[in-house]
Amino acid sequence: MERGARVGGEGQGDRGEWTEEKENHQEGEESMAMTMEHAFKDEQVPPWEEQVTVRSVVASLVLSAVFIFIVCKLNLTTGIIPSLNVAAGLLGFALIKAWTALLEKFGGTASYLLGMSARVASQADEGNTPINVKNLSLGWMIGFLFAVSFVGLFSIVPLRKMMILKYKLTYPSGTATAYLINSFHTPKGAKLAKKQVATLFYAFCGSFGSALFQWFFAAADGCGFGSIPTFGLQAYKQRFYFDFSATYVGVGMICPYMVNISLLFGAIISWGIMWPHIASKAGDWYSADLAKSSLHGLQGYRVFIAIATILGDGLFHFIYMLIVTARNFKAQKSGEEESESIVDYDEQKRTEYFLKDQIPNTVAIGGYVVLAAISIGVVPVIFPQLKWYHILVVYMIAPVMAFCNAYGCGLTDWSLASNYGKIAIIIFSSWVGLGHGGIIAGLASCGVMMSIVSTASDLMQDFKTGYLTLASPRSMFVSQVLGTAMGCVMSPLVFWFFYKAYAVGDPDSSYPAPYSLVYRGIALLGVEGISTLPKHCLALAIGFFAGAIVVNIITALLQKFETKWKIYRFIPSPMCMAIPFYLGGYFAIDMCVGSLILFVWQRVNKKKANDFAPAVASGMICGESLWGVPAAILSLAGLQAPICMKFW
């Protein structure tokens, strides 16, 4: 990973978290800004053509495969994706010093695309008709990604100078990544980075070895260390147990404390209190003879209450971002003539290189129009349920959504791409209707919208990182195009590997892909309305929808006006609470164990914990996740583990 070279996209999930760690990174970057470019003023920055090298592309290909596999596993198990910037940065420093993250594509394969499949459709009695089901195929998935993934790259390019130079948006993850890269190239920073890489390697080996050892005891479903009733058999039946997953212990070490606590709190509310109570109402609130997967029964409460909570949280942040965006624009507009710009050496140097290799607006606008036209022609061929004018409407409103998402991400580090996608599901599924394939239409339009909106915020994060590391915007854009092309092929290939090796999408399998059923459930709401919900489900859903909004309002008010105790830091996140409603609490327990390890480590030696905990966590995630490759190969070959360890 080199200063002045392509450093890649963001590997975070749908919603980043502003943490004290990012604030510290930001403060560190600001202090470094006074001297960083002076330290490199005698070094020549290579032209943009030399920044995109063969070795960087090859290294990016290797590292993207590693992280795509990791993110695929995380998406198909719980759907929680931590920021993997540190892991990618450390591995990039070790492997030819370059990487490209292509992770955003897996939000689609594990959610809206999988939600189209017959396997997920069979879990609901409604909408399981041929016109509302599309069998997954490697060919059309790759074609669809190629048709929609490049358009978003051109949607936000004309605004890069305004976002980065005029409004000086922070983009916390991009700033933190740049800080990491810059620190690698100071003598002290490079030495620390090598130690971090070594620590990551040791953690990787330990995690991989642990996963290999556990495999020998998992000869069938329900066997292995993950089936140990850690807190008793009754708790195990309600999905409360520690499943010895190094992946989610590592994820817990990376995620903020309140994310993990929110997950556990949501699991206790749902699986500890609500679902047992609703289950006792079988025969009264819903038929006791329904299949376990029927949305008319207990499964309906789990799915639709989770959807309502997620939508409430998303609606609040959508409106909140619009308000923040409008207020900041107004403040910038009124103050731009009054303020004098004080430019230090570093800022002058960075601005010079940021403006050196321009991407003409005619290229950006023309590229958007041409690629949108191609997509308008291709997508209806892949999804006949969508007409050309549906896709045209998406591309007419998408740039506005992309701007809002990119601007909001610059202020808060929150990418709300999935929420814009959910809005598209409801609009287009209800527009097309159930009888004309509204479910598939809604899910496909979600993919188009998410592709544009997520790419816009990711690319602007990259521009911020490039600005702080003297990387050419043109080289970064070209690299993003190359990386997107690789992702359009590699992401479906890795997903297809999982899909064929495991029962992906089955709620009782190791890879339940929870968001696939959630996204399909949102489409069902769009085409059928609320009449199909079981008794009292609507009232509960409305209550949780409103509760999510109220909790967020309280949090925002406390964050704005309460400064002494910072109570807002201890308020659970409604969106995080909703995730275990469907899955259970086992992974939340794993992640809380990760938080506990980090908490104790910071109390013993805070500096070492801050320096090496991300490396340890990254190694744990990488090791166990990559064991899935040989495990899947063994499964495809029909080879099973020799021992079944099970408890009754």
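Residue numbers in this text run from 1 along the chain shown.
Glycine is treated like the rest: Cβ placed from N, Cα and C.
The feature region 'Disordered' is assigned by TrEMBL to 1-31. Residues annotated as compositional bias 'Gly residues' in TrEMBL: 1-11. Look at TrEMBL and you will find 12-28 tagged as compositional bias 'Basic and acidic residues'. Residues annotated as transmembrane segment in TrEMBL: 52-72, 84-102, 138-159, 200-220, 300-323, 359-382, 388-407, 477-499, 537-559, 579-601.
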Taking residues 6+ outside the transmembrane segment (579-601), which of them lie with a CB under 8 Å of any CB in it? 77-80, 226, 230, 238-243, 245, 247-255, 257, 259-261, 263-264, 266-268, 270-272, 302-303, 305-306, 309, 507, 512, 514, 517-518, 608-609, 613, 617
Cβ-based contact of the transmembrane segment (300-323) with the transmembrane segment (138-159), 3 or more pairs under 8 Å: no
Run the contact check on the transmembrane segment (138-159) against the transmembrane segment (537-559): 3 or more C-beta pairs under 8 Å, excluding pairs closer than 6 in sequence. no
